[in-house]
């Protein structure tokens, strides 16, 4: 296999050579490696340096970069698995070159996770993680991390695929990135609570072409019930920007108070908070001591997530301004005015124009229009 040496964080490793002239170079190598996911891996290394689980499974390792970095930079016991024999050979080569004591296994991830337990289980497949979440929920002791790159089904752009994979009806709204993250979270929670286990989000975010969950698992039916209580729906008006939130297994019919249209249920999805502030604060404190090529971006993301409201949807500031036919001013000014009126308001990490508030839509529109 033709390989090249790459560095991420403090780890040097070999990856399969790719054709840079193709539209998607990672798919051209004999073993998959996507350099665009470096931020995802940097964040994982940072979080694990705070959590320090007793063992860690990189269930779909490919070249092994995620597991290699965890073993080398965090120093915890790591197992790297892949079904591709060439990937396993490359991962073993990387383990040996780094002088690591790490286990590399060859086989189906579901079979491995069905037979063994790990303190932290990490799912980072190509595409949807849906076929692996059930076995991961049984294998993970305290932590479950999940990446999804099938953003179109999760966000409602490919509706039928989203319904098949996640048993949810996402909707392609102006807050579609948050719909995708919460749809993924809702699916994972429903898979976990079957086993009388609860879920607590630690650090969950959407970025470019992926959604990422870092979750703490709790034991007991009471913990499962607490998680179940946060499954629900965003009820979206098809005619205007009004939306409301409902919790429960089935949505109740609801009418838009602004235009009388029947609200459309989006979900089921997770309606609760998506981050734990103490965890984010610990990550911020640890960031200077971690070598991360995307450290500046992670720092900005953590800062935004810490002040982001826990409402289940956000508004796109520019969409509101366009509907009102006004020129959008500074988003910070809108937030300041909402807070001055007694409402909560913040930016959201999903985009530069994402705004969260508990103010009624007419109040928000009045503030945006300068009234």
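Any Cβ shown, glycine's included, is placed from N, Cα and C.
Look at Swiss-Prot and you will find 41, 66, 82, 108, 109 tagged as S-adenosyl-L-methionine binding site. Among the features that Swiss-Prot reports, Zn(2+) binding site is placed at 237, 240, 256, 259, with the record citing sequence analysis. What Swiss-Prot records for 4-368 is domain 'Trm1 methyltransferase'.
Computed over the domain 'Trm1 methyltransferase' (4-368), the whole-number mean pLDDT of the model equals 95. Cα distances from residue 240 (Zn(2+) binding site) to the binding-site residues 41, 82, 108 are smallest for 41. Every protein chain shown contributes to the tally, and the Cβ of residue 108 (S-adenosyl-L-methionine binding site) ends up with 14 other Cβ atoms within 10 Å.
Within 10 Å of the C-beta of residue 259 (Zn(2+) binding site) we count 11 further C-beta atoms, all protein chains included. Neighbours of the Zn(2+) site: apart from 237, 240, 256, 259, residues of the same chain with C-beta atoms within 8 angstroms of the site's C-beta centroid are 238, 239, 241, 242, 257, 258, 260, 261, 263. In the structure shown, the C-beta of 109 has more C-beta neighbours within 10 angstroms than that of any other entry among the binding-site residues 109, 237, 240, 256. Using a 10 Å Cβ-Cβ cutoff, residue 66 (S-adenosyl-L-methionine binding site) registers 26 neighbours. Under the three-state DSSP scheme, residue 82 (S-adenosyl-L-methionine binding site) falls in the strand class. Between the CA atoms of residue 108 (S-adenosyl-L-methionine binding site) and residue 256 (Zn(2+) binding site) there is a gap of 48 Å. Closest by Cα distance to residue 41 (S-adenosyl-L-methionine binding site), from the binding-site residues 237, 256, 259, is 237. Here the C-alpha separation of residue 237 (Zn(2+) binding site) and residue 109 (S-adenosyl-L-methionine binding site) works out to 41 Å.
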